[in-house]
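These features come from Swiss-Prot:
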DISULFID  Cys2-Cys15  disulfide bond
DISULFID  Cys5-Cys20  disulfide bond
DISULFID  Cys9-Cys22  disulfide bond
REGION    13-20  region 'Interaction with Ca(2+)-activated K(+) channels'
SITE      Lys14  site 'Basic residue of the functional dyad'
SITE      Tyr23  site 'Aromatic residue of the functional dyad'
Amino acid sequence: ACGSCRKKCKGSGKCINGRCKCY
């Protein structure tokens, strides 16, 4: 699920403890 962080965050995001964090 972490691999889709970039798409969900539109390019800016990190995966922490299995969760997506957008910046």
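The backbone N, Cα and C atoms fix where each Cβ goes, glycine too.
Sequence features, as recorded in Swiss-Prot, placed on the structure.
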residue : record         : Cβ contacts under 8 Å, 6 or more apart
Cys2    : disulfide bond : Cys15, Gly18, Cys20
Cys5    : disulfide bond : Gly13, Lys14, Cys15, Cys20, Lys21, Cys22
Cys9    : disulfide bond : Cys20, Cys22, Tyr23
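Under DSSP, residues within the region 'Interaction with Ca(2+)-activated K(+) channels' (13-20) fall into helix, strand and coil as 0 helix, 6 strand, 2 coil.
In the three-state DSSP assignment, the secondary structure recorded for Tyr23 (site 'Aromatic residue of the functional dyad') is coil. The Cβ of Cys15 (disulfide bond) has 14 neighbouring Cβ atoms from other residues within 10 Å, across all protein chains displayed. Cys2 (disulfide bond) falls within a helix when secondary structure is assigned with DSSP.
Within the model, the region 'Interaction with Ca(2+)-activated K(+) channels' (13-20) carries an average pLDDT of 85.
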